[in-house]
Amino acid sequence: VLIIAVLFLTACQLTTAETYSRGRQKHRARRSTDRNSKWTRECTDSGGACNSHDQCCNEFCSTATRTCI
């Protein structure tokens with residue numbers, strides 16, 4: 001009887017953990033498609049003004065001229 005009780009409790013914990021992780025995965029997928037994501041962000045083309053490398057489409061900003069190269 002003790003063995004059956006332990007197996008039952010283990011199965012309940014595994015089911016709960018699986019359901020919980022599924023909910024978290026959906027939330028994580030939603031966050032990765034956020035507008036701030038690198039894949040959906042807008043960028044400045046070559047020759048446009050920039051302050052840092054991550055603003056340029058090719059990810060290179062000239063510090064001397066403050067333009068994307």
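Glycine is no exception: its Cβ is also placed from the backbone N, Cα and C atoms.
In the three-state DSSP scheme, CYS57 (disulfide bond) is classed as coil. Residues or ranges marked as disulfide bond in Swiss-Prot (evidence: similarity to another entry): CYS43-CYS57 (among others).
In this view, CYS50 (disulfide bond) is surrounded by 20 other Cβ atoms within 10 Å of its Cβ, with every protein chain counted. Marked as disulfide bond by Swiss-Prot: CYS50-CYS61 (among others).
Under 8 Å, Cβ to Cβ, and six or more positions away along its own chain, CYS56 (disulfide bond) finds CYS43, THR44, SER46, GLY48, CYS50, CYS68, ILE69. The disulfide bond annotation in Swiss-Prot covers CYS56-CYS68 (among others) and rests on similarity to another entry.
According to Swiss-Prot, the signal peptide annotation covers 1-17.
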For CYS57 (disulfide bond), nearby residues of its own chain (Cβ under 8 Å, 6 or more apart in sequence): CYS43, THR44, ASP45, SER46, CYS68
